[in-house]
Each structure stands twice: as C-alpha cells, then as structure tokens.
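Peer 1: My structure is below; once you've seen it, I'll send some questions.
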Amino acid sequence: ILVASCAALVIQSLAANLGVVTGKHLAEHCRAEYSKVPNFLLWIVAEIAVVACDIPEVIGTAFALNMLFHIPVWIGVLLTGLSTLMLLAIQQYGVRKLEFLIAFLVFTIAICFFVELHYSKPDPKEVLHGLFVPQLKGNGATGLAISLLGAMVMPHNLFLHSALVLSRKIPRSATGIKEACRFYLIESGLALTVAFLINVSVISVSGAVCNASDLSPEDRAKCEDLDLNKAPFLLRNVVGKWSSKLFAIALLASGQSSTITGTYAGQYVMQGFLDLRLEPWLRNFLTRCLAIIPSLIVALIGGSAGAGKLIIIASMILSFELPFALVPLLKFTSCKMKMGSHANS
C-alpha cells in the first residue's frame, strides 16, 4: 500500500501536469499521436479498465446492501443500477458539485474506519513494521499484492486526472502553469494521504481483530480465508454489533464515490480516443450494464465467495493494464516538457 501510494502520487501528478501544460488530456494526445489501429486498441484497453473498476464497485455496493438490509447479493447487484439515477440527478449541477460529493463520501469512509481503528487498538509497532517490511504470506498473497497496485493506481484515472484539470481556469503564463502544477501536486498528495490512511486502517483493523486473544474457533477459521463479505461479521463478533453497520456504510460510500469517478473517466476516454460524445446517462448505463452482467453471473453461481474473488480478479486486470496508460503518459510528458523547456529558453 505504501509503495502503491507513492507510485500513484508520481503518476497522477504527471497526468495532471500533462493536461495543465498542453491543454489536452491523455486520450486526446493518444488520438493525435498514434495511428488508427494502436489508438483503437488503446481505447479498448481503457474501456476494459473502466469496466474492471466498476465490477468491485457493483459487488461492494451489493455487499453493503446485504449487510445493512439483508438483501441477497445478486439482488444487490441489480439494485446498484439505481446509482445511475443518483448520478444523473447530480451531474446537472456540474463537476464541482460532484467533487464535493466525492469528498464527502471519502470523509464518511475515513470516519467509519478511524472509529473502528480506535476500538480495535492495533499494535503501532506492528503497523510500522508492516509498512516498511513487506511480506507475502499465505495462499494468494501474490495475487492480492498485484490487485492492490491496480486498485490504487487505476489506469483509467490517468485519463481522468489529465482531463479534470482542464475544467479549471489556468493562466497560460509560465508562472501560472507552474503554480497550477504545484497546486495539483499538493491536491493529489492530500487526497492520496487520506486514501493511504484509510487503507492502512482497514488492514490494521483486520490484523488486530484476527490476532485477538479471545477469538472463537469459528472466527479464527474465518480469518484464515478472510474476504470482503466475512470481514463485517467478524468485526461484529469481536469489536461490537454496531461495527458491521459502520463497515457497510463505509463500503456503500466507497462504491458510490468510485462510480462517479469511473463514469467521468469513461466519458473522457471515449471523447478523447474516438472524438465521440455520448449522453452521460447512456455512457453510465452502458458501463454499468457491462459490469453488472459478470457480477450477476458470478453472484448467482458462486455466491458471495465467488463475488469476492471476482473483485480480486478485476483489480488484477487493472494492474496488468496499467502499462497501456502509463507508457503513453511517460512518452507524452517527456516530449511536451522538452518542447516547453526549449520554448522557454
């Protein structure tokens, strides 16, 4: 998590700088620089990344509904389509209102997990040791590590960060551009710091609970194969009944905030690569349908355990697709920065 957070800060800052300096986002640069076939293939990969990101959001929201209202996971998957209506109702008020909504949802997540962190009381020394001495233990640890990278440095977010900066008025002077780049670096740093603290809290709470001395044999067995669906019930048994509801609220807020960012990223990807603009409701509807279909099939066949594994698989897909966004970003950033330095000299 620490390494992925540092990587995310560097990469997102590069994406924002590209948009600030050039006035175009990453997908637009791809369309301008590459021929039709590579551009089309990059678009396909970016769209797959958007769908792969939407799958954990769909399943996570379904799990949250199950925890809060005891709704079966497969029905919860279908109900997540209603978030499209919520998103449409908010989009008409502009990007800034959406940014405030996302900030509020992230703040809700942080409060929920920080409260649980206070009650679970993990050992600070163990937390620091885990931060700086990475280890891969247990079945599937390597796959989880790979999925964490994709979950934190999402490839479609590079297109989003390079595009969102264009919605703000930036002075086109050298000083104005430098100040804007510095501002977006600070903004990304603050956002990723909050995300980092939330993720550390999640891991620390899980570790503290699973190492509690008063764990029952049943709970200890759950810790051996802990997934998203089992975590709240484990917390309820050890920390308190209210903690599972708090976990569910945080999960619901997380799913909705990610839905908003994924939808906007998909719009910029399609507009940039294909110079094609779809109505927001149609774009969100298509993306959500593509995510709901595999989630629904897995939930019906494999139940909550299968849905939990699908989250890991989708996050691993994001990790493997990261180079397809990162390589063009590094290429365009280095080229544009060289051009800018020559122009200044």
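A Cβ is built for glycine as well, from the same backbone N, Cα and C atoms used for every other residue.
Just so you know, TrEMBL annotations are computer predictions that nobody has curated.
It should be emphasised that the depicted structure is a prediction, and the values quoted were computed from it without experimental measurement.
According to TrEMBL, the protein carries these features:
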type: TRANSMEM; residues: 67-88; note: transmembrane segment
type: TRANSMEM; residues: 100-120; note: transmembrane segment
type: TRANSMEM; residues: 140-160; note: transmembrane segment
type: TRANSMEM; residues: 181-209; note: transmembrane segment
type: TRANSMEM; residues: 246-265; note: transmembrane segment
type: TRANSMEM; residues: 285-304; note: transmembrane segment
type: TRANSMEM; residues: 310-330; note: transmembrane segment
Peer 1: Quickly jot the same-chain residues contacting the transmembrane segment (285-304) by Cβ under 8 Å, restricted to those at least six beyond its ends, or write none.
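Peer 2: For the transmembrane segment (285-304), the nonlocal Cβ contacts are 50-51, 54-55, 57-59, 62-63, 66, 73-74, 77-78, 80-81, 83-84, 229, 259, 262-263, 266, 278, 310.
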Peer 1: Please indicate, using numbers and ranges, the residues of the same chain that are 6 or more beyond the transmembrane segment (310-330) and have a C-beta under 8 Å from a C-beta there.
Peer 2: 11, 14-15, 18, 26, 29-30, 33-34, 42, 45-46, 48-49, 52-53, 55-56, 59-60, 140, 143-144, 146-151, 153-156, 158-159, 162, 228, 294-295, 298, 302
Peer 1: For the transmembrane segment (140-160), I need the partner stretch with the highest count of C-beta pairs below 8 angstroms, choosing only from 100-120, 181-209, 246-265.
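Peer 2: Per the Cβ count, the answer is 246-265.
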Peer 1: Cβ under 8 Å to the transmembrane segment (100-120), counting only same-chain residues 6 or more beyond its ends: which ones?
Peer 2: 90, 191, 194-195, 197-198, 201-202, 204-205, 208-209, 235, 238-240, 243, 246-247, 249-250, 253-254, 256-257, 260-261
Peer 1: Same-chain Cβ contacts of the transmembrane segment (181-209) under 8 Å, 6 or more residues past its ends?
Peer 2: 1-2, 5, 8-9, 12-13, 16-17, 20-21, 106, 109-110, 113-114, 116-117, 120-123, 126-127, 130-131, 152, 161, 165, 223, 226, 231, 234-235, 238-239
